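Everything on this sheet refers to the single structure shown next.
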Amino acid sequence: MSGELNGNDTSAQAAVSAGSVLEGAAFADEGEQHNESMKTLVLGALGVVYGDIGTSPIYAFREALHAAATNGILARSDILGVVSLIFWALTLVVTVKYVLFVLRADNNGEGGILSLMALVRGALKGRPDLILGVGICGAALFFGDAVITPAISVLSAMEGLEIVAPNLTPFVVPATVVILVTLFSVQKLGTGRVAIVFGPIMALWFVALGASGLWHIFDDPTVMAALNPYYAVRFLTVSPAVAFVTVGAVFLAMTGAEALYADLGHFGRKPIVRAWLWIVFPCLLLNYFGQAAFILSHGEAAALPFFQMIPSFALWPMVLLATAATVIASQAVITGAYSVARQAVQLNILPRLEIQHTSEKLHGQIYIPRVNLLLGLAVVILVLGFEKSSNLAAAYGIAVTGNMLVTTVLLYIVMTRIWNWRVSRALPIILGFLVIDMLFFSANIIKVHEGGWASIGIATVLVLIMWTWVRGTRHLFQKTRKAEVPLDLIVEQMAKRPPTIVPGTAVFLTGDPKSAPTALMHSLKHYKVLHENNVILTVVTASKPWVASADRARVSQYNERFMLVTLTFGYMQQPNILRALGLCRRLGWKFDIMTTSFFLSRRSLKASVHSGMPLWQDKLFILLARTASDATEYFQIPTGRVVEIGTQVNI
């Protein structure tokens, strides 16, 4: 591949040549799909997957040049070195690592850090807590990225006003806040109607990127020499200290690369790869090389090269298009945050959250009010606190590089445990990725005092919350299990001293079907009655994203009064107990909602010095438990058929 990229072709031709080779490798095991359907999916991928990385040219090259400048002076070798670094970073990290390897590590078609964690946990039985910890760190870093992306993207687009109309400079931050507040405010309405234009707008954006870059490449065609890795290597070795800092800024060109994997389940591998190889990658290269050529011929333009190289007649349209593109990029990140939050709830990493479906046709379109509120507040606070996209740039890289580092570690386990690769085959590849990831991560971590503290702070708080929830639920389960009575013993006692039998069916939800549910025990204690039919219901989340309806329910008859039912959902599926119980008819149980009551136990938690957790963590867990959404709503049980029985537990 490097041979093709070092030839005499233009960057677009080189990327297309590389695309031919890479696409063949990426799709060697897939059949052809219908062309029209493929075009639609590719267009959709442009609007959802590539918004973040597609808007990076607005600020990435500018920040890299600022880092590379010595006393504010840029040499020709510096400019060529920076653009060469960007080219090879995009090639090695996005095209090689993600396109050729990471996108193959799907969990039944789904991607994302939590999908990868679930996949690895299923394959690596020995150390589930270690993998869970890695997955939690990855998810926390993703949310940190989700906070910073809308802030830096929209703010960088609005800074174009400084070029179009300098007198509007004081309004950049207020206008950014207005746009972001509006964006988060309309989330509850759903994006189904407007999402249809996301793809075409982003396609226009990439055309504008490529066209403006190609036009200015002719300012200094010798800029294409930077395709040669010699310029990147020379830049890294001549002044290592300056180069190290610059590498952290160069990484801004790759922010959003993780979206290729995160959105795998929405579009599939082939549309995502084709969109990258044939549209996004070439257009990004043209723009970056165009900015470099423009600066080589207009040395004074390093302040805002992206907008300064746009002709005056096209400045306003470009600012408007950039704003639209960054809003779309922000929307994609917000939607991704909802998806990851839902996965985290299903995998019991976060407490239950209220999840609203905004589309009757598309089940994946959801809105989570609490996530939206917290995300929106954090984004606005960042904009008001940092005020300039250049100030936010330092905070941006840490979250994304950390996430990529976690992905690489988990990818090694996938290679050796699931793909059954020999260590001698997998290790050199992973070590290569780790060297690159560690270089970018270390170059960004030194920016903690410049703003990186924001990213680390967000991730740390989220890790603390998620780990407290995981640890607390385990302690609670162990505590209640010690106090619970085995179901066998209760059934045996009822056989000797039968309670009063009343007509109807009682469904008792429990996490442990071997123990008598707390609600059943309190019902017998206070009401002294037993229903004619009793169902001990357990809801299980599988380590795969989707579970077919045929595999949803397992039913076993315990005795003439009791039945054990297990419902299994994928971590991407919203539990609907009513609908799932309807599937039990084919298994011999004729479920009738009109004669059925659901008994749920509502626990009142109190902190205890004997919980095994620090007191502050006990209190945090109790707070999280109190803020969890109602089980009746979460499991979609008709409220008129629910009986809640309260219990007090000292954890």
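Cβ atoms here come from the backbone N, Cα and C positions, even for glycine.
What Swiss-Prot annotates here:
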type     : residues : note
TRANSMEM : 41-61    : transmembrane segment
TRANSMEM : 82-102   : transmembrane segment
TRANSMEM : 130-150  : transmembrane segment
TRANSMEM : 163-183  : transmembrane segment
TRANSMEM : 194-214  : transmembrane segment
TRANSMEM : 235-255  : transmembrane segment
TRANSMEM : 276-296  : transmembrane segment
TRANSMEM : 309-329  : transmembrane segment
TRANSMEM : 366-386  : transmembrane segment
TRANSMEM : 395-415  : transmembrane segment
TRANSMEM : 426-446  : transmembrane segment
TRANSMEM : 450-470  : transmembrane segment
The transmembrane segment (235-255) and the transmembrane segment (366-386) contact flag, 3+ Cβ pairs under 8 angstroms: no
Per Cβ pairs under 8 Å, the stretch of 194-214, 366-386, 395-415, 450-470 packing most closely against the transmembrane segment (309-329): 194-214
Distal contacts, the transmembrane segment (366-386) - CB-CB under 8 A, six or more residues away: 143, 146-148, 150-151, 154-155, 173, 176-177, 180-181, 184, 187-188, 190, 334, 337-339, 341-342, 353-358, 392, 395, 451, 454, 458, 574, 627
Long-range neighbours of the transmembrane segment (41-61), counting only residues six or more past its ends (CB under 8 A): 82-83, 86, 94, 149, 152-153, 156-157, 160, 195, 198-203, 205-206, 209, 249-250, 252-257, 259-260, 263, 266-268, 270-272, 274-276, 279-280, 284, 287-288, 291-292, 305-307, 322, 325-326, 328-333, 335, 389-390, 393
Dominant neighbour of the transmembrane segment (276-296) in 82-102, 194-214, 395-415, by Cβ pairs under 8 Å: 194-214
Region pair the transmembrane segment (450-470) / the transmembrane segment (82-102), three or more CB pairs under 8 Å: no
Tertiary contacts of the transmembrane segment (395-415) (same chain, 6+ residues out, Cβ under 8 Å): 93, 97, 101-102, 105, 113, 116-117, 119-120, 123-124, 131, 134-135, 137-138, 141-142, 144-145, 148-149, 152, 248-249, 251-252, 254-255, 257-258, 261, 382, 386, 421, 425-427, 429-430, 433-434, 437-438, 440-441, 443-445, 447-448, 451-456, 458-459
Surrounding residues of the transmembrane segment (426-446) on its own chain - C-beta under 8 Å, 6+ positions past either end: 89, 92-93, 97, 101, 244-245, 247-248, 251, 394, 397-398, 401-402, 404-405, 408-409, 411-412, 415-416, 452
